[in-house]
Amino acid sequence: MKLLEIYDKQLVEQEEGGFRAILTRYLNKWIFTVDHKLIGTMYITFSIFAGIIGTLLSLVIPMELSTGNMLEGDSQQYNVIVTAHGLIMIFFVVMYCSMPAMLGGFANWFLPIMVGAPDVAFPRLNNISLWLIVVSFGLLLTSSCVGIGAGTGWTVYPPLSMMEYHPGHAVDVGILSLHIAGASSLVGAINFLTTVFNMKIAGLSWPKVSLFVWSVVITAVLLVLSLPVLAGGLTMLITDRNFETTFFDPIGGGDPILYQHLFHPEVYILILPGFGIISIIISRYSNKGIFGVKGMISAMSAIGFLGFLVWAYHHMYTVGLDVDTRAYFTAATMIIAIPTGIKIFSWLATLWGGVIKITTPMLFVIGFLVLFTIGGLTGVVLANGGLDISLHDTYYVVAHFHYVLSMGAIFAIFAGYYYYYAIMNSNRILGIVRYNEQLGRIHFWTMFIGVNVTFFPMHFLGLAGMPRRIGDYPDAYIGWNLIASYGSLITAFGLLFFFVNIFTPYFKKKALISKKFQRGAMILMGLDFSRDWQIGFQDPATPIMEGIIDLHNYIFFYLIVVAVFIGWVMGRILWRFAYKWSYPTIGDIEIFKNFTAYNQIIHGTVIEIVWTLIPTVILYLIAIPSFTLLYAMDEIINPTVTIKIIGHQWYWSYEYGDNSSNLVEFDSYMVYERDLNEGQLRLLEVDNSMIVPVKTHIRLIITSGDVLHSWAVPSFGIKVDAVPGRLNQIGLYVKREGTFYGQCSELCGVDHGFMPIKVEAVKVQEYLGRLYK
């Protein structure tokens, strides 16, 4: 009582000191604080603020895509919004609320407590890390408002990010923002590593350390090793822009693909901390210890190690890597699915036989398991170097990425926030603050439905060949885009319940909703889709595309079996073992366990080996046809016709062997823009129409005269990046006549959202006649 009286006396003296004393008190408490709990609270508050801005930007994107034309502005403005949304959600929400809500929010709050430390090792560095990220966020918002804005995409790939295509200082400010964000992450990672290794209490052995602490340690190690590489890549990029260096400029001997090797998307860094939170909540609400703790630690360590070996995963298969390199990345990416599968099965084994209590955090955990599993299965699809040729840079990739992050990391964030809500928000003045359970469940169900309605149709758009990062597209894609737009509104509506739920206890202690939550049915209106643009690939016109479709169906046979098995296990867990007593006693739990017909899965080495063998065998069965197709696609059999494709003007040059085996050269200017019917093809450059002979082996040589392009014709199974300074080649054999459409599907540095490509496949005689004509 004496300490409290002294504290109250100090508060009275400060209040009597006037405005200056009050200002000093608040500055010392919030701005200059070294208290790890206050810093953790400010990290989470900042992440919520950044999440609001990122979510508002994300709502603009589906609204733009709800119609086939640009609603307002041009494609540059659309790309600026896409870039800002991606950078904010990756670096300031997921990274600083999922990862440093392990290295920012949750970790600051609970990691010192879990290892028995009074605070972090370097409290002042902890404060610097927080305010660096705030400054970085301000610079990022500024970059979207300076000049034409930074419309490079969140990966900031050159040459599009070079001064020629993004003049002004918008990209420079964005690069500086990422530099400062990296410094903040690096400082935080070093701080937590030092805290765990130097301040862990003596009696706490490593096997007994919380899985959350393990996830933070592994993530921090990844950050310490990867962020300097990212900083080096950004430094080279900004010197290319301002100091005439040529690290990424082929004119001076550089290579724009080098940047893609350096700027590896840190997906594994982002998702690992969420694993720790999920493990804690599953253990708490199933009334069991986590199954196979050592196996879980080993799985996270393996994911962290393998994450450094798969940097070309799914986004570099088309840049011109040789076939052996692509085969390596295919194998390495499949292998990383094994420890991930071990974690999923171990979580299910923990739930199996447990006394489960369904609460809001547990609902988000179950949602995480379902949605992260879907994202992982589509990740196995994209890991295949042959199959990814058709799916690269389409909305299939967008769907996969968001299922892993928007529904993986973000659901883990919500689960952790609800789980620790009372601990983080209770104090002397307010007492114990609790969220409203019914509002939390409404938040979960609306968001769960919303994100699935938003992102699941994107798989179908990707299979049909719709490219990402465009604001304009053919009308054939409008149906699924419209459904995705409705889903984004449902998700935003669900987030309103979250904000009402977390802020209401500060103003009103009684529950807002007194009636029992009733589930509603959602009716989706059917839309009239053309058969060719529904839920599958476009009709194949080449053996390669037929092989891609066969491989896709083969892979999905196994993945559907896995998904059905996991779904059956989760259904049995929730149906048979759901325990609805609010406050079960130990005796009740023992009676319940003895009453059930199923025995609990005990901790043992045999079952952990089974968990490892199941994904290993399935991936081995998938790898055999995958490698067969990959090497078959690389073969170019005695090409009769060689076609060189040069972007950005899409100029075609032809070489055809005549009867004397001499090469006859032709150019592509056969169909001029003035000769096309009005409205036939939108946003033309010089010429985007070419002809090819059917049943003839063709070699395509693709390069670019300016920025990166992605030249794609879905019916051919072709998607090749046109890179300045590189000659990428691919074989082609068209089996049937017809007119096929493709697209340039990357950010090309020009004011267009969708550049269509028209390819006519005709008989050899007609082909030669049109060339000579």
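Any Cβ shown, glycine's included, is placed from N, Cα and C.
These features come from Swiss-Prot:
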BINDING   His85, His402  Fe(II)-heme a binding site
TRANSMEM  87-111  transmembrane segment
TRANSMEM  173-193  transmembrane segment
TRANSMEM  211-231  transmembrane segment
TRANSMEM  262-278  transmembrane segment
BINDING   His264, His314, His315  Cu cation B binding site
TRANSMEM  290-310  transmembrane segment
TRANSMEM  335-355  transmembrane segment
TRANSMEM  362-382  transmembrane segment
BINDING   His392, Asp393  Mg(2+) binding site
TRANSMEM  396-416  transmembrane segment
BINDING   His400  heme a3 binding site
TRANSMEM  444-464  transmembrane segment
TRANSMEM  483-503  transmembrane segment
TRANSMEM  555-575  transmembrane segment
TRANSMEM  604-624  transmembrane segment
BINDING   His709, Cys744, Cys748, His752  Cu cation A binding site
Interface-richest range of 290-310, 483-503, 555-575 toward the transmembrane segment (211-231), CB pairs under 8 Å: 290-310
His400 (heme a3 binding site) to Asp393 (Mg(2+) binding site) - Cα separation in whole Å: 12
Nearest recorded site to His314 (Cu cation B binding site) by CA-CA distance, among binding-site residues His85, Asp393, His709, Cys744: Asp393
Beyond the flanks of the transmembrane segment (555-575) by at least 6 residues, Cβ under 8 Å: 344, 348, 351-352, 354, 356, 358, 366, 369-370, 373-374, 377, 380-381, 384, 387, 615, 618, 621-622, 626
Of His85, His402, His709, Cys744, i.e. the binding-site residues, those within 10 Å of His392 (Mg(2+) binding site) when Cα atoms are compared: none
Inter-residue C-alpha distance, His402 (Fe(II)-heme a binding site) and His709 (Cu cation A binding site) (nearest angstrom): 24
Greatest C-beta neighbour count within 10 angstroms, which of the binding-site residues His85, His709: His709
His315 (Cu cation B binding site) and His709 (Cu cation A binding site), distance between Cα atoms, whole Å: 13
Cβ-Cβ neighbours of Asp393 (Mg(2+) binding site) (radius 10 Å): 22
By Cα-Cα distance, the member of binding-site residues His85, His315, Cys744 nearest Asp393 (Mg(2+) binding site): His315
Positions on the same chain near the transmembrane segment (483-503), where near means CB under 8 A and six or more residues out: 55, 58-59, 61-63, 65-66, 414, 417, 421, 435-436, 439-440, 442-447, 449-455, 457-458, 512, 524, 527
Sequence-remote partners of the transmembrane segment (396-416) [C-beta within less than 8 Å, at least six residues beyond its ends]: 89-90, 93-94, 97-99, 101, 106, 267, 270-271, 273-275, 277-278, 281, 314-315, 361-362, 364-365, 367-368, 371-372, 374-376, 378-379, 381-382, 443-444, 447, 451, 454-456, 458-459, 461-463, 468, 498
